[in-house]
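I have placed the structure first, in the form of structure tokens, so that the comments after it can refer back to it.
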Amino acid sequence: MAHLIRSKFQNKLSDAATSVSNKSTAKVSGMMARMGFQAATDEEGLGFAACDDLDYDHRQGLQMDIMKSDEMGGGDTGEGSGEGGMGGGEDGMAAGDSHYQRDGTGPPLSASKASGLGEEEKSPKITAWEAGWNVTNAIQGMFVLGLPYAILHGGYLGLFLIIFAAVVCCYTGKILIACLYEEDEDGQLVRVRDSYVDIANACCQPRFPSLGGHIVNVAQIIELVMTCILYVVVSGNLMYNSFPTLPVSQKSWAIMATAALLPCAFLKNLKSVSKFSLLCTIAHFVINILVIAYCLSRARDWAWDKVKFYIDVKKFPISIGIIVFSYTSQIFLPSLEGNMVKPSEFHCMMNWTHIAACVLKGLFALLAYLTWADATKEVITDNLPSTIRAVVNLFLVAKALLSYPLPFFAAVEVLEKSFFCERERTWFPDCYGGDGRLKAWGLTLRCSLVVFTLLMAVYVPHFALLMGLTGSLTGAGLCFLLPSLFHLKLLWRKLLWHHVFFDVAIFVIGGICAISGFIHSMEGLVEAYKYGIED
């Protein structure tokens with residue numbers, strides 16, 4: 001009898017301990033799941049393994065079916081697509097394999113994507129040279145005109161930062177693309193994300209699945225709008241300094257430039273603008289060559305003694321922002337890499353484009369500063385003689401006005417997708433009607449954006465300070481902080497110790513430069529506005 005009572009008591013204790021253990025395990029698993037980690041028990045592990053085996057067998061069988069259909073003349077897609085879409089379903093399953101989840105409930109391929117697979121495959125791809133040309137256009141644009149001003153306040157350290165920024169931006173561009181890929185069950189890299197926003201959202205899951213995308217979108221909008229403002233500012237500045245005898249102020253020239261930009265509000269695509277991009281870039285290189293040629297003609301008067309290691313502590317952080325902003329290209333790198341014929345050549349393309357940019361920027365900035373020394377102005381073409389200045393500045397104004405639609409259209413697209421898209425359940429209705437025409441509030445949005453860039457250019461006509469502010473605020477975030485942070489978050493288990501060191505160092509240095517540059521740029525703008533300082 002005592003033995004029976006003891007046995008029942010032990011069984012109850014065992015059951016209670018098991019129950020407590022299961023509850024605690026469930027709580028821990030729930031906590032880990034909410035934190036974004038997988039916490040699988042042995043039974044779940046066996047189930048996952050079984051699912052992997054079944055999925056592998058299924059996909060092998062699916063691949064055999066596809067091969068058999070190809071051998072039997074199944075390449076005629078006209079018949080297959082017309083019979084209930086069965087062939088499209090198999091293609092959809094194969095194409096959606098990169099989104100496969102271990103529980104076998106991966107997201108199905110949407111109808112729009114399934115119908116667009118053929119179009120995506122037929123869409124023209126770009127070579128590594130063409131991709132490099134696009135990157136070069138982004139990092140060799142008009143904003144190199146402010147680099148000699150950075151040497152003025154930084155000396156040799158400014159030259160070092162031009163080289164350092166090129167190395168860091170090249171590295172962060174590569175790790176940003178690495179965040180687009182994950183390994184499948186066979187150890188092969190698969191592209192599971194398409195954009196900067198997708199990477200940001202993946203880092204904030206599962207608690208805040210859309211927070212990262214909102215942060216990146218805000219940073220993109222700020223940088224794109226500030227780029228538009230800088231184009232208006234530099235247009236007014238160049239025209240004012242080209243014709244100083246005319247009774248027209250810089251603000252008036254900015255207003256006239258904006259009046260020429262109002263048709264941008266009616267843009268639906270960039271086909272009409274993109275044809276001028278090559279001519280604008282060629283013209284810009286010609287202008288750079290003219291400036292360098294003039295500097296070389298005055299080589300006997302170069303002020304080597306003015307280039308020192310001494311830095312202006314108050315204004316040098318602004319120079320950091322200027323240098324960083326001149327290298328920003330991370331926004332469009334994911335889409336650029338996704339459209340390359342050979343994505344494996346992306347790293348090589350990034351290397352030679354940034355090496356070329358580093359050499360050309362360093363040479364341009366150094367020669368210009370040696371020529372004019374302490375008289376170096378925020379826009380270096382203002383230092384040219386009046387006979388050459390007018391011609392060069394007119395070409396630069398034309399390039400600025402033709403470059404304005406590109407960031408403007410990109411900013412409008414981000415705003416419309418974030419706030420004016422009914423399919424995405426945004427705050428406001430769609431900007432386009434059923435016939436594809438722009439509605440009244442859509443046109444109002446675009447016109448308001450053009451007017452906003454004008455007002456900013458009129459009331460804050462300081463090219464270098466605005467450039468430094470933008471580079472410190474969004475340039476450092478998109479080029480330094482976010483790529484290194486995302487790389488650590490998504491690929492932590494696969495990183496070597498030196499990769500972790502580089503990422504942490506870039507994040508810390510980028511954060512310090514961003515904060516100091518933002519503070520000093522704001523102080524400079526407040527001082528310029530308070531005392532009425534002109535460029």
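Numbering starts at 1 and runs along the chain as displayed.
Even glycines carry a Cβ here, placed using N, Cα and C.
What TrEMBL says about a protein is an automatic prediction, not a curated fact.
Among the ranges 127-147, 190-210, 316-336, the one that TrEMBL lists as transmembrane segment is 316-336.
If one looks beyond the transmembrane segment (215-240) by at least 6 residues along the same chain, the residues whose Cβ comes under 8 Å of a Cβ in the stretch are 142-143, 145, 196-197, 200, 248-254, 256-258, 261, 328, 331, 378-379, 381-382, 393-394, 396-397, 400-401, 403-404, 407-408, 410-411, 414-415, 418, 449, 452-454, 456-457, 460-463, 466-467, 469-470, 473-475, 477-478, 482, 535. Beyond the transmembrane segment (466-488), the same-chain residues lying 6 or more positions past its ends with a Cβ under 8 Å from any Cβ of the stretch are 143, 146, 168-169, 172-173, 175-176, 178-179, 196, 199-200, 203, 216, 219-220, 222-223, 226-227, 229-230, 233, 317-328, 330-331, 460, 495, 499-500, 502-504, 506-507, 509-511, 513-518, 520-522, 524-525. Comparison of 157-181, 348-370, 390-415, 443-460 by number of C-beta pairs under 8 angstroms to the transmembrane segment (500-519) places 157-181 first.
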